[in-house]
Amino acid sequence: MSMGIVEGAFLGLVQGLTEFLPISSSGHLAVVGTLLGSDPGAAFTAICQLGTEAAVIGYFRKDIARIIGHWARSLVGRLPRNDPDARMGWLVTLGTIPIGVLGLLFQDSIETVLRGFVVIGTTLWLFALVLGAADRFGRKERTLDQLSWKHGLLFGLAQALALIPGVSRSGGTITMGLLLGYTREAAARYSFLLAIPAVVLSGFYQLYDELSRGTTIAWVPTAVATVVAFVVGYAVIAWLMRFISTHSYTPFVVYRIAAAVVVYALVLAGALPAFQGTGGS
């Protein structure tokens, strides 16, 4: 079944709701898309994520403008590289390298084998346990002013795990932040900033790659999905930043485990294929 505007809008809603929560937007898009009759695929996911990253840019626009400005001035020697905002720009650059390199090296596996629903179900519950442990036992004392180069790279490696559907980009980086002793707010804030270059570059790369292959893209539904993802994503960011200031990540841990059970049940019922290329997708 080809994707229509209604399906595109619904998938955009799913993307906007799940991109910034540590529950895996790619996993949800794969499940919902397949149940609707067509897995949206890696290209649709990447393009749709441009909408949610536009929401990040809009929400943190003042911080981002300051970071980019100071980082650019540090490039030409007008500011020292240890200036806090210039340094944040360099840390985001460093943290983007792992996902860029690994994404290119393992692109074929990401788009085929790793999109199997047994993989998604397993990563949902497995990383739920890791997130729960990090939130429970992490010291939650450090702020972003204490972010080191080593920690910046570790955040980047955690983000690279999100290449596997079901892990969650924000879930991976937030979990790493908690394990390293950062506050919930600091971990989430850096997670959102770190995602911007990776997701934007990935979206445009996927777009170029699909066009160069002659792949037909359902442009209108994809555009609708991207706009919906932007609006919903902006609201979710605002809500999440307020929520984690007074609450733990336990609700998301419980949700991930429940979602994993549902995915396994749907696989057993034959509604979802266990592995890419099998079953009814």
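Backbone N, Cα and C atoms are what each Cβ position is placed from, and that goes for glycine too.
Feature transmembrane segment, per Swiss-Prot, maps to range 147-167 of the set 147-167, 168-188.
Feature annotation (Swiss-Prot): of 48-68, 90-110, the stretch labelled transmembrane segment is 90-110. Highest Cβ contact count with the transmembrane segment (257-277) among the listed stretches 113-133, 147-167, 191-211, 217-237 falls to 113-133 (criterion: pairs under 8 Å).
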